[in-house]
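Shown next, in structure tokens, is the structure this report addresses.
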Amino acid sequence: MTEMKILIVTLTYIEKSIIDEIVNNLSSYGLEVDILFDSRKYLPISAFNWERLQYDAEKVLSFLKSKYDFNYDSIIFLADSDGYIDGYNFVFGLTIDNFAIIFLNRLREEFYNRKPDLELFMKRVVKEVTHEAGHTLGLGHCNTIGCVMNFSNTVEDVDKKQARFCKNCIYKIENLSKYLQRK
């Protein structure tokens, strides 16, 4: 596969072990992954919905797209907050074009008043980052059982899927990579 470049931008503190797992997982597909620990570490207050106590994911991504104009195939933001889009109570992540954001709050056991579990949290974050990376690279949702591109409506859905693309999704990424190489 031609190397496609992904930038991961942490907007809040993320444990190094989690970042390492994200890089390892995405790199295993031949993707080049860079990390930017953004010192500004903020989300636009104009995107915060005070009635819902959540960020409007579309507004956040529009804001971030205007601030990060780097030469990457995919730019993925990580934020330790809660997000939504119209029509949904929440989203784990959202992708628009080659930009994505993952909201980490609901991936933590503590959100559900359960005992903290860093290992489970790490697995969930890796799955959702890989999922949104797939979207930024042109993949849609997949119905293959266990594929990381399965839609997740609940954290239990996240737990059921693997952190890996199925064969069909890998094939699609490889074909896209070959197409981009010819351009």
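Here the Cβ of each residue, glycine as well, is placed from N, Cα and C on the backbone.
Annotation comment: Swiss-Prot describes Glu132 as active site, proton acceptor. Sequence annotations record features per position, and here Swiss-Prot assigns Zn(2+) 1 binding site to His131, His135, His141 based on sequence analysis. Swiss-Prot lists Cys142, Cys147, Cys166, Cys169 with the feature Zn(2+) 2 binding site, giving sequence analysis as the kind of evidence.
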Spatial neighbours of Glu132 (active site, proton acceptor) that are distant in sequence (at least 6 apart) but have CB under 8 A:
Ile76, Gly93, Leu94, Thr95, Ala100, Ile101, Ile102
Please report the distance from the Cα of Cys169 (Zn(2+) 2 binding site) to the Cα of His131 (Zn(2+) 1 binding site), rounded to the nearest angstrom.
11
Quick one: Cα separation, Cys166 (Zn(2+) 2 binding site) versus His131 (Zn(2+) 1 binding site), in Å?
12
Between the Cα atoms of Cys142 (Zn(2+) 2 binding site) and His131 (Zn(2+) 1 binding site), what distance do you get, rounded to the nearest Å?
10
When DSSP states are folded down to helix, strand and coil, where does His141 (Zn(2+) 1 binding site) land?
coil
Distance [Cα-Cα, Å, rounded] between His141 (Zn(2+) 1 binding site) and Cys147 (Zn(2+) 2 binding site):
9
Rounded to a whole number, how many Å is the Cα of His135 (Zn(2+) 1 binding site) away from the Cα of Cys147 (Zn(2+) 2 binding site)?
13
Determine, to the nearest whole angstrom, how far the Cα atom of Cys147 (Zn(2+) 2 binding site) is from the Cα atom of His131 (Zn(2+) 1 binding site).
9
Out of His131, His135, His141, which of the binding-site residues has the smallest number of neighbouring Cβ atoms within 10 Å?
His141
C-beta crowding around Cys169 (Zn(2+) 2 binding site), within 10 angstroms:
20
